[in-house]
4 protein chains.
Amino acid sequence: MACCECHHDETAIDVTVNNNHLIYSKNPKHPANVICELCRLFYTSGWCTGTGGGVSIREDGKAYIAPSGVHKERMIPSDMFVLDTDTKEYLRTPEGYKASACTPLFLDIYRIRDAGACIHTHSQNAVMCTLLFDKYFEISNIEQIKAIPKLTETGNLWYSDKLVIPILENTEREEELSDSLQQCIKENPGTTAILVRRHGIFVWGPNIWKAKVYTEALDYLLELAIKMKQFGIPTVKEK
Amino acid sequence: MACCECHHDETAIDVTVNNNHLIYSKNPKHPANVICELCRLFYTSGWCTGTGGGVSIREDGKAYIAPSGVHKERMIPSDMFVLDTDTKEYLRTPEGYKASACTPLFLDIYRIRDAGACIHTHSQNAVMCTLLFDKYFEISNIEQIKAIPKLTETGNLWYSDKLVIPILENTEREEELSDSLQQCIKENPGTTAILVRRHGIFVWGPNIWKAKVYTEALDYLLELAIKMKQFGIPTVKEK
Amino acid sequence: MACCECHHDETAIDVTVNNNHLIYSKNPKHPANVICELCRLFYTSGWCTGTGGGVSIREDGKAYIAPSGVHKERMIPSDMFVLDTDTKEYLRTPEGYKASACTPLFLDIYRIRDAGACIHTHSQNAVMCTLLFDKYFEISNIEQIKAIPKLTETGNLWYSDKLVIPILENTEREEELSDSLQQCIKENPGTTAILVRRHGIFVWGPNIWKAKVYTEALDYLLELAIKMKQFGIPTVKEK
Amino acid sequence: MACCECHHDETAIDVTVNNNHLIYSKNPKHPANVICELCRLFYTSGWCTGTGGGVSIREDGKAYIAPSGVHKERMIPSDMFVLDTDTKEYLRTPEGYKASACTPLFLDIYRIRDAGACIHTHSQNAVMCTLLFDKYFEISNIEQIKAIPKLTETGNLWYSDKLVIPILENTEREEELSDSLQQCIKENPGTTAILVRRHGIFVWGPNIWKAKVYTEALDYLLELAIKMKQFGIPTVKEK
């Protein structure tokens, strides 16, 4: 099994310099390889075209983060930033890239929620729902809701539970979101995601695979909600 | 020809333990390989993102079923459950996975209809049509209808025949669907599929390839029906 | 260069039996290989899911035709029918398949128009436009129109020319379309395609690559016309 | 690493004739390889089906341009035209192809803006927005706007800045666009793209990767604007 499907030339990586050992592994489950694989997948979903969005994994006290301005479908492990999640110091800085503006937001989420991974997309379904809903995205009585965790108690939501995702106002610069994002996370202990008005969505989970499930399930529900609105069907079913 | 396209490492499977011989084969037509291949295909159709949906094949008294919570585009044969369709005992249980909540429903369909395969999707076309139609999805005078079997007599529907798919009310837990699903199958001997309100669709056939044709043709018709509704065109043509 | 990308096992084909030499070639430009490659491509466009649609190439007095009921994205050269276009006799019949119901229609088009290839899709854009237009699909002043030939004189349509595609009424059985299709082709010498109400579209050209360009350009225009209708924009621009 | 993913047979290229050395390289970053790779990618986005659209790179005084009438997803380096950007003479002419009608337009853009690459798509999002907007496409307060450069000053647009893309009237022949395109570029020094009514969009940048980011981000914004119009939401936010 190849370490990843991006056909990059592994032999060209010198692991003795620039802390390259942190991002080089033949194991397809290594965070640097998983992030590249998922960025390619999410590019085909339209979630991170135009270098938008981002993916990060936290593992063994380190945060692996895709850089700013990278073509997500072409990313390779050597493009990756690595941070110490305790000291917030950069353990590895790739050549030719700036750190993602999402970096402080991902670190906020890791710290407050003890998350293992964060996915940020510019999905048009997310953006449209922030234009169609006021302070919260709400939907109930859809099977796919059962993929989302309750968090305030064990287990996932049931079919007829109401899923509620808070919508945060966007700021001029992504870094400026940090304060309101932190406050929002704390005020909504039951949410595993936050929508940002006219911007996109941040989703997190205990590990990257759970975060991926939540992201896919939420995007499905956001897309469905838009279609329901087009037909004038309420997204929250009256009891 | 590779046994499948998922690039999993076959040599890592020890066929002498855990009844792995039931799911390991170099034959691309082996049920365990076909299920993986189709789950990857259906993922790209948006039918089973967020670990929704499922695929099962019955062959030689055994039911092969994708597990609960698996990322469908990443599934490999060793993730598969295998059941004895007579005794309903598990012949093989994969490590780290729970059985799909669809399992009893698939077994109901195998038993009542003598089906060879079942496909369950969370297709948004299916969900939207359950919101736009009352007790039955109905459409006529579309060429693609001819891909669907009559069942109550030999052959498929003709172009101007009315295709009717019953819509079942969803339940809080998937297992709770069993009774009403069984009743619905019996009351609708001419249907090869059942829609479940705000949930998705179950499709079956004498073998996996027929079930795939029916699923694709039905999803095409469900999608077209939504577009017709958007333009105010009746889905059943007046004679 | 592989003869095609379907990963079928060429070594399994015995070219000494069943006229297999007619469909077996390592040349990727051989009609049997091209048809398989394009069926895979068209499947991803949603033009031939549920085994709908079809592709045929005429070369050296022989017509190569995809069979009825084949999963287009899985088709391999040995699934192919081969006919003598003069005698209309089958030169090769694949095991386990029936001839496509489109066969007489493709032969009509080859004979009347001296075409080198025919593509038939069940594209939803085609079906929707037959529901939104009366006897002719008409559009003008769109750049993509320039991909379509005039036929009654040399060269392609210009930007502000009006593209007109006749819409034929569908019949219960595909074979029954033959008479009206022949008449329609003769009555519309300037068309390289015919829409069939609630069914799809037939497109042809001097060779398969021209037919593919026309099919893609027409589907683009059909899709655009639907969007224009949604916004109340006339598809034919007033001068 | 393969020089590109199109599986063409490199060994068949004789670099001693027809100036083939200009388009043959094992380096995946060579313009001829990059253009082929991006045309395949853009085909899957629906930006250049039916042989529409085009991609060009300028490097070391040479312009590499995809030919007219090529199936973009099948293009190989030997299909490429190469021009001297100073003398406008053809350094290499591929067999069997005519030069793209976009050629003079690309050269205009290279000359006036000192651009390193141009991308021209027939994206339906671009065409629809030229039908929904008058003389300028305008949008503000969407995060993805931050991917677009200001040009009249350093850096990119901010979130709440208004992005303005001029809309040029289309002409009967693409070559006839040259005068008005040149004038439009000069009159709009802050734009990195021009929409052409009922035709598509031209996007350029200092290099192909910047041009790709701008194209993806603009298409995202054009698509979003259509959805906003469908819901009656203004694309420019009132302050």
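FYI, residue positions are counted from 1 along the chain as it appears here.
For all residues, glycine too, the Cβ spot is worked out from N, Cα and C.
Of the residues proposed, C:HIS71, C:HIS199, the one TrEMBL records at the same Zn(2+) site as C:HIS120, C:HIS122 is C:HIS199.
Taking Cα separation as the measure, C:CYS102 (substrate binding site) is nearest to C:HIS120 of the recorded positions C:HIS120, C:GLU143, C:HIS199. In sequence order, the recorded positions from C:CYS102, C:HIS122, C:GLU143, C:HIS199 that place a Cβ under 8 angstroms from a chain B Cβ are C:HIS122, C:HIS199.
Highest local Cβ density among the binding-site residues C:HIS120, C:HIS199 belongs to C:HIS120, counted as other Cβ atoms within 10 Å over all protein chains shown. Other Cβ atoms within 10 Å of the Cβ of C:HIS122 (Zn(2+) binding site), summed over all protein chains shown, number 26. For C:GLU143 (active site, proton donor/acceptor), the same-chain residues 6+ apart in sequence whose C-beta sits under 8 angstroms from its C-beta are C:TYR159. DSSP gives C:GLU143 (active site, proton donor/acceptor) a helix state. Restricting the average to the domain 'Class II aldolase/adducin N-terminal' (C:33-226) gives a pLDDT of 96. Closeness to chain D is evaluated for the recorded positions C:HIS120, C:GLU143, C:HIS199 by Cβ distance, with values under 8 Å counted; counted residues in sequence order are C:GLU143. Around C:CYS102 (substrate binding site), a 10 Å sphere centred on its CB holds 22 further CB atoms from the protein chains shown.
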